[in-house]
C-alpha cells in the first residue's frame, strides 16, 4: 500500500461519511481500516508465534507500519509519521541489534516458545474475549465523524502540545535523560573486563534515548 | 467510521502482545511483544481522541499528546530493557527468561536475592563471584 | 521498747540474717558465720526478755490489718501467751546451738552459706508460727518450714538417699497440708476470722458447727508436720540430712510445730470427743510402734528419729487428754535433750567414722575419744528414759499423771477412753524407751574390739554446745515443774506417786532387761563376726564423714535401716518382730502399694494417651499444612512468566466479575 493510496482513501472517507451507520453497509474508510487492520493483526500474530527470531522483528515492522496507516486513516497525521520514524526507524533497529548482540540463532529455533505457551494462550484468549465483549457492548453505536479538518494534523498537535502540554513535555525530556544515564550505567561492564563492547552499547543508548 | 473498529483492533493487538509476553522464551521477543501492547494502547488513545475532538467543542487533544508521550517513553523503555537483557546475557550466557529462576527456592539453597527483570543485582553478584574465582 | 516490738524482732532477725547470708554468701564469705550465729543469739536474748516480760500474765495481743481481703480478714497478728513465750525461747536456744555447732560441723562445706541461711530462715519461720496470732500468717511460716526442710534434708544431694528423703519429706508433709488448708478455711468460715483469739472465743460460745470435721482435717496436717502415725514415714528417712539439721527439725522446730498448733487450738479439739479419741489412738499407735522400731534400727540417727516420733506421741497423748500444759512441758524438755542427743550423735559419727551401731559396738574405747559426747549423751539418754531426776522424768510423769487423772474421772475435758489409751500406751512406751536408750548407750559406748580410729579432737564449737544443752536436760524438769503452771493453764504438773512409781519401774525394768540381754549376746564371742564399713577421713569435717557414712550404709549392710548383727540385744528382745520393726512395720511398702503404684500406673496411662492419642492429632494437624505447603511450593517455580500468567488470569476474572456486577447481569 502506497502512501498516495492511503491519502486518497482517507480523503474519501472524510467526505462521504453520513446518514445511517450500519455495520452491514461499511464506508470505504471502514473497509480500508478493516483490511489494514487484518494485515496488522496477522503480522502481530506472526511476530509472537514465529520460530525465527529475526523474522519476528521484521514482522513487527509490518505490524507497526500497519498501525501507522491506521493512524492516517484516523486523520492523525503527525502521530503516524512519528510512529514510522521512531518505531520502524529506530526501535526495530535497536531490537535487531539486541538480537545480534545476544547471538540469537538465525533460522528456526525450536525452543522459541516457553512451556508456558498454553497457559499464555488461554489467558490471552480469555482477555481478548472479555475486552472485545466489553468494547463492542459499550461502543457499538458510537460513530467517529472523520469529515472536516484533520483531527491530528501537525499544526493542531503542535498547538495543543506546546500550549497545554508544555510542562509534561519538559518533564518527559528529564525522563529521557534519566533513561539515557540508566542505560549507560546498566550496560557498562565491570571494571575487570571493560573492553569488549562499550562502543555498541553507547550507540544503542543514544539511539534509544532519542 | 464506527469507533468499534479501532477499539476492537486495539483490544486484539493488546491480547496478541499479551500472549507474546507470556509465551515467548527469548527476552528480546518479550520486549517486542511489549511494544505491540504499547502500540495497541496508542491506537486506542488516538481513536478516542479523534472521536472526542469531533464530538466536543473544546478539546485539549490529550489523547494524541498522551500517545506521543507513550511513544517517547516506549523508546526509553526499549533502551533500558535492552541494556538489562544485554547485562543478563553477558553474565549468564543466555537471554532465556525461563532460565532466570533466582526467585525460586532452589535445591542448592541459593538465596532469593536476584529479581529477574532487575537482574542487575544478581548480575553484579555473579560478576563479583567470577572476578573472585579468576583472581 | 515495748514487748510487741521485741516480739516482732524475734522472728525478723533470723529472717534478715538469712537474706543477708544468701546475698553475701558468695561475695563476702567472712560475714557468713557471724550472720548465721549472731541474729539467732540476739533473738534468743529478745525471746528471753519477751518471756520475762510476759511472765505468764495475760496474753500479749497485737494486730494490724495489711489489706482488706473482702471476706475473712487476714491480719498480721501477735498472740503471745505463756506457751508462745517459752516455746520461742526453746526454739531460739536450740537454733543458736545448732548454728554454733554447724560452724564446726560443716566447716569445710562449700555450701555452708546457703545452708546457714536456710537454717536461719527455718528458725524464723518457726518463730513466726510460734508468735503468730493469725492462722493464715501461721500457715506462711508452716509452709516455709516445709520448703526449708526439703532443702536442708537434701543438703547432701549427691547421695541418692538424701534426694529421695528430701522429696519424701516434702511430699508427705504436703499430703497432710492439703486437708490442713481446707480445715483452716472451714474453721475461718465458721468462726469469721483467722485470729486465734476470736476462734477460741467462737469455740467458747459454741459458734463452731462442725468441730469434728474441722478437727480431723487439721489433725491430718498436724500428723504430717509432727510425724504422727500414719504420716510419720518421712522422719526416719530425713536422717539423710546433716546431723545439726536433724537436731533442729526434731528438737525444736518442724515437728514441734504440729504439737504446738494443737496446743494453741486445744479448746477446738476438746469440742469434739471423736477428735480427742482419734488423737489418743494416733498417739498410742505412734508411741508404741515407733519405740519398737527404734529398738531395731542400726543407724544411730534413725534410733533417735524413731524416739522423736515416740516422744511426740507423748505430747499428742497429753493433748488427747486435754492438758496442753503437760504437752508443752514435754515439748520443752524433749527439745532440750533431743537436740543434745542429735548433736552428740553427730560428734560420735564423726569420731567413729560410721553411723552404724553394729560397727560402733566393734570399736573399743570410743567413749574415750569423745568424753564430752559420752557424758552429755548419757545425761540425755537418762532424760529420754525418764529416770529421775532428769528433766524427761518430770515432763513424762506430767503426761502420765494427767492421763491417770482422766482415767479416774477427775476431769470432764477428755473422754475416759482416751485416758486409758494414753496411759497404757505411755507405760508400754516407757518400758521400750528405756530399752532402746540402754541399747543405744551400750552399743555406742561399751563396744569391744579394735581401737576406734583417731579423728582428732572435735572442734570446740561442737563440744561446748553439748554442755550448754546438758544443763536444761539435767535440771529443767526438776526446777520448772513448780513454776510452769503459772505460765500455762494452771494445771498442776507435779508428778503423782502412782504414775511415778509405775513409769520409773517399767523404765528400770526395760533398762535392766536390755542390759542382761546385752551381756548374754556379747558373752557368745563366736557370734562376734567382724562387720562394718568405716569412712575414715581424719582431715575432713564432720559433714563429709557423715555424708559418706550415709551413702555407704546400704552398700555395707544391705539396708538403710538395719544391719544383720547377731550380737544386737534388740534382735533377741524383739524376736520375730525385729525384721518388721527394722522396716518400720512395712508402712513404706503399704504406701507403695496404695499410692505410689496407682500414681505410677496413672502416669504411664497419661503418657500413653499423650504419646499415642494426643500426639496423633498434633501430627495430623501438622501434616495437613505441610501437604498444603508442599503443593503451594510447587507453584513457586521462579519462572516469571508463570507468575504473570497467574496474575493476569486473576485480573481477567476480576474484571469480568466487576463488569458483570456493574451491568447487573
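Positions of Cβ are set from backbone N, Cα and C atoms, glycine also.
All TrEMBL annotations are machine predictions without curation.
Range with TrEMBL annotation transmembrane segment, chosen from C:226-244, C:245-263, is C:245-263. Helix, strand and coil content of the domain 'NADH-Ubiquinone oxidoreductase (complex I) chain 5 N-terminal' (C:68-115), in residues and according to DSSP, is 28 helix, 6 strand, 14 coil. For the transmembrane segment (C:414-438), same-chain residues at least 6 beyond its ends with a Cβ under 8 Å from one of its own Cβ atoms are 270, 273, 276-277, 279-281, 283-285, 287-288, 291-292, 294-295, 303, 306-307, 310, 313-314, 317-318, 320-322, 381-382, 384-387, 396, 399-400, 403-407, 499, 502-503, 506-511, 513-515, 518, 570, 573. Long-range contacts of the transmembrane segment (C:303-322) within the same chain: residues 222, 226-228, 232, 235-236, 238-239, 246, 250, 255, 258-259, 262-263, 266, 269-270, 276-277, 279-280, 282-284, 286-287, 290-291, 293-294, 297, 328, 330-331, 334, 338, 341-342, 345, 357, 384, 396, 398-399, 402-403, 405-406, 411, 413-414, 418-419, 421-422, 425-426, 429, 432-433, 436-437, 440, each at least 6 residues beyond the stretch ends and with a Cβ under 8 Å from a Cβ of the stretch. Below 8 angstroms of C-beta separation, residues 307, 311, 329, 333-334, 336-338, 340-341, 344-345, 347-348, 351, 367, 430, 433-434, 437-438, 440-441, 444-445, 458, 463, 466-467, 469-470, 472-478, 480-481, 493, 495, 500, 503-504, 507-508, 510-511 of the same chain, each at least six residues beyond the ends of the transmembrane segment (C:373-394), sit close to that stretch.
Outside the transmembrane segment (C:6-24), and at least 6 residues removed from its termini, the chain residues within Cβ reach (under 8 Å) are 31-32, 35-36, 38-40, 42-43, 46-47, 49-50, 53, 60, 62, 78, 80, 88, 92, 95, 113-114, 116-118, 120-121, 123-125, 127-128, 131, 141. Sequence-distant neighbours of the transmembrane segment (C:501-518) (same chain, 6+ residues past either end, Cβ-Cβ under 8 Å): 385-388, 393, 396-397, 400, 426-428, 430-439, 442, 446, 569, 572-573.
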